[in-house]
Every structure is written in C-alpha cells, then in structure tokens.
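Written out below as structure tokens is the structure these notes cover.
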C-alpha cells in the first residue's frame, strides 16, 4: 500500500510535467504560427515565442516534478492561460482594426469613383445646357431679320423706320398748324372790324329810335297837319339808306370771315385727318414691338438666371470632383495607419518573445514562475496599451464615404 501510494504520488507530478511539457508550448506555438501566417513580418518573433514556449514548458515540467504542491501548478496554469488570452486579445483587436481599415478603404474608393463619374457626367450635361442657353440668347438678341424669331436688330430697324414716318408726320402737322394760326389771326382781325361796324350800327339804331320818337311827337302836335311828319320821315329814310349800306358792309365782312373760317377749318381738318389710319397702325405696331421687347427681356433674364443656376451646378460638380480626388490622401492615411498597427504588433510580438525569454532564463521552479509570468503580463499589457494609444492618436480618418468628415491633407 505504501509503495502504491508513493508510486501514485510520484506519478502525479510526472503527469503534470508531461502536460506542461507538451500541451502549453503547443498552444503557444499555434498562436504564434497564426500571427506569423497573417503578418510575415512577425515570423521572427513567432519563432522566438515558439522556442521560448517549448523551453518554458521544459522548465515547467521539471518544476512540476520537483514541486509537490498542486496549488503552484494551478496558479502557473492560470497565469499561462491569462498570457495566452492577452496574446489572443491583442491579435484579434489588431485583426479587427486592419479589417475595418480595409473595408473603409474599399468604401471610400468606391464612393469616390462613383462621385467622380457622376461629377464628370454632371459637368458635361451642365456645360452642354449652358452652351445651348447662351446660343439661344445670342440668337434672340442679335438674330437676322430673315429669321422667324424677333431680334434686337430687326427691332431697331423697324423702330427707326417708324420714327422716320412719325418725324415726317410731325413736320407736316407743324406746317398745317402754322397755317391754321395765320388763318386764325386773320379771323381775329376781321372780327375786330365786325365789332366796330356793330358799334356803328348801334349808333344808327339809337338815332333811328330818336327820330322815330320825334316824329311821333310832331305828329301828335300837328294833328291833321303832317308837315313835321314828312321831315321826320325823310330823316328816317336817310337813316335807312345808311343802315342798308352798313348792312352791305357787314355782309361783306361776314363773307370774308366765313372764307377765313373755312380755310382754317380745312387746314385743321387736313391736319387731323392726314394719315390717321397710318398713325394708328404705327402706334399699334410700336406697342406690339414694345410688348415683344419686354417678353424678350424676360426671356433673356430667365435664360441668364438659368445660366447662373447651371454655373452653380457645375461649380458643385467641380467641388464634388475635387473632394473625391482627395480619396488618395484618405486611403494613404488609412494604409499608413494599418501599417503602423502591423509594425506595432510586430514590436509587441518581439517584446513578448523577449519577456518570455527573460522569464524562462531566470530562477528555476515553483512560485517564482507565477510571479515572473504575472510581471511579464503586466509589462506586455503596458506595451499593448501604449501601442493602442499611439495607434489611436495617429488615426485621423473617421469618414466612410466622401460626403462626411474632414480630410487631413499632406
């Protein structure tokens, strides 16, 4: 019984030593080989980690045979598992970062190329539309009179002809107006003569009335005797003769006035009726031309506004194209960031090999391994945190397409 128990106690450390001799270094070797496969630059650190792992396994096996306490082995196993977990976390974190950078690069390049294509097509279409609008404006504002479109040149020519006709008409109207003024002056002079004749006629009428009154008085005094009445009658007759002469003169003056009035009337009539229809037609034509000119001005203004819009659209396409051309800077920054991460991982693996080598080369067995592995994990964690901090500070590109974020140009 004692021998069996002793054999059993002796076999347990041996079993533990075999486990640590071959199991743990195998796991470390697999992890290091995976890192070397993904990043060839990490091949040398991976080989170093593998060698240190096997050496550490041998030391652990010897230590396991020498140590009788399972608690030390359990702590050692926990530290090794923690170390492997730290290595796995570092590798996985770097894998995710690099994959994210690659996906970001792919999205940025695809979006930039698409925007460049759309921008160039938009600039081509905008330039073509702008050219058509400019040609239309040029045609409308300076077109040939033989064209159906209304042009400024034809407007000027027609306006000039219409204005010439109006000048001739105004000259003729002025001449007729002068003649009318002269005729009216003659009428005024003759009317003055008529007024004087009327004054004389008034005097004759007064004298006739007075003589008639005297004749009545004499007739009343004489009774049947008519001597006085005959004298008065003679005077009345003389006055009647004078009145007839005055009437003839008045008739002549009135005739001449009528003639002058007829002349003035004819002149004014000719002036009023001269080419009246032509004047109205010219006025209507000018009104139509002015209306068309306003419409043309509106069309030109609209075309100019549309040209301005097209120019702004072209500016937008040019800006998008320039912004899309910056994808080379963005991709360069992302590639540099990924390269920095890979180099940092390379340094991390190199440091890992160095720390494990130092741990394996120091004192031999027991709890010292646990303390040294804990210290190694702490140092490696500090290196990893410093590497990730530098990586985060060096990463400036956050955008995943060409429509967001700022670009740090070199």
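Placement of Cβ uses the backbone N, Cα and C atoms for every residue, glycine included.
The coiled coil annotation in TrEMBL falls on one of the ranges 38-65, 66-93, 94-121, namely 66-93. Given the ranges 230-257, 258-285, 286-313, the record in TrEMBL names 286-313 as coiled coil. Per-residue confidence over the coiled coil (66-93) averages out at a pLDDT of 69.
Helix first, then strand, then coil: DSSP counts for the domain 'Methyl-accepting transducer' (179-315) stand at 131 helix, 0 strand, 6 coil.
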